[in-house]
Amino acid sequence: MKRKLVFATNNAHKLEEIAAILGDKVELLSLNDIDCHTDIPETAETLEGNALLKSSFIYRNYQLDCFADDTGLEVEALNGAPGVYSARYAEGEGHDAQANMRKLLHELEGKENRKAQFRTAISLILDGKEYLFEGVIKGEIIKEKRGDSGFGYDPIFKPEGYEQTFAELGNETKNKISHRALAVQKLCEFLQR
C-alpha cells in the first residue's frame with residue numbers, strides 16, 4: 001500500500017509539478033483533499049522556517065503525515081534577495097509574477113553579476129518527526145523574459161549548463177533538473193528507505 005502524504009500548498013502549479021516528480025511513489029493529497037481551506041501564513045525569516053510552519057500546521061491540526069516547501073530565488077548581486085520574499089517581491093502587488101520579474105530586472109539594470117540560484121527547502125513530518133531536504137540549482141538572471149512554460153521567475157532564470165530559461169526548457173526537462181526536483185528526489189530517497 002502506498003504511503004499517503006499531504007502536500008501543504010494552495011499553489012496549483014507547485015502541486016502539479018510535485019505530482020509529476022513524485023509519480024506513483026506516494027499517494028499525494030492536496031489541502032483540498034483534506035478539506036483544509038486555511039491560508040497558512042509564511043511569516044518565518046527563512047525558507048526552512050516557512051516550510052516547517054506549513055507542515056507543522058497540517059500535522060498539528062489534521063494528524064496526517066505531510067510535507068511543505070518554500071522556494072526562493074537568491075541573486076548574488078542583491079545579497080541573496082529576493083530570497084524568502086520571492087513570491088511577494090513587488091510589494092503591494094500580492095503574488096504577481098510579472099511585477100516581481102519587472103522589479104528584479106529593474107534592480108539588476110547595469111549590474112554585471114547576474115549569478116543566481118533557486119533554492120527549495122522541504123519540511124517533512126512523518127509520525128511526528130521532522131525532516132528537512134534542500135535542492136539548489138545555480139544559474140543566472142537574463143535581461144529579458146524568454147519562454148512560455150513554467151511559472152514565477154522561470155522566463156528570466158537560465159540554469160547553469162543550459163542556453164534556455166526554465167520557461168523555454170519545458171516542464172519535462174525542468175522537472176528533472178530544478179531545485180524543487182532535486183529536493184523532492186531527496187524526499188523520495190528518504191521515503192524509500
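Note that Cβ sites are derived from N, Cα and C of the backbone, with glycine treated the same way.
Some features that Swiss-Prot has for this protein:
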BINDING   Thr9, Asn10, Asn11, Ala12, His13, Lys14, Thr71, Phe151, Gly152, Tyr153, Asp154, Lys174, His179, Arg180  substrate binding site
ACT_SITE  Asp70  active site, proton acceptor
BINDING   Asp70  Mg(2+) binding site
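A gap of 10 Å separates the Cα atoms of the residue listed as 'active site, proton acceptor' and Thr9 (substrate binding site). Around the Cβ of His179 (substrate binding site), the same chain contributes Thr71, Gln117, Phe118, Arg119, Thr120, Gly135, Val136, Ile137, each under 8 angstroms and 6 or more positions distant in sequence.
In the three-state DSSP assignment, the secondary structure recorded for Asp154 (substrate binding site) is helix.
Other Cβ atoms within 10 Å of the Cβ of Asp70 (active site, proton acceptor), summed over all protein chains shown, number 24. According to DSSP, Thr9 (substrate binding site) sits in a coil region rather than a helix or strand. Counting every protein chain shown, the number of other Cβ atoms lying within 10 Å of the Cβ of Asn11 (substrate binding site) is 17. For the substrate site listed in the record, the two most distant Cα atoms among Thr9, Asn10, Asn11, Ala12, His13, Lys14, Thr71, Phe151, Gly152, Tyr153, Asp154, Lys174, His179, Arg180 lie 21 Å apart.
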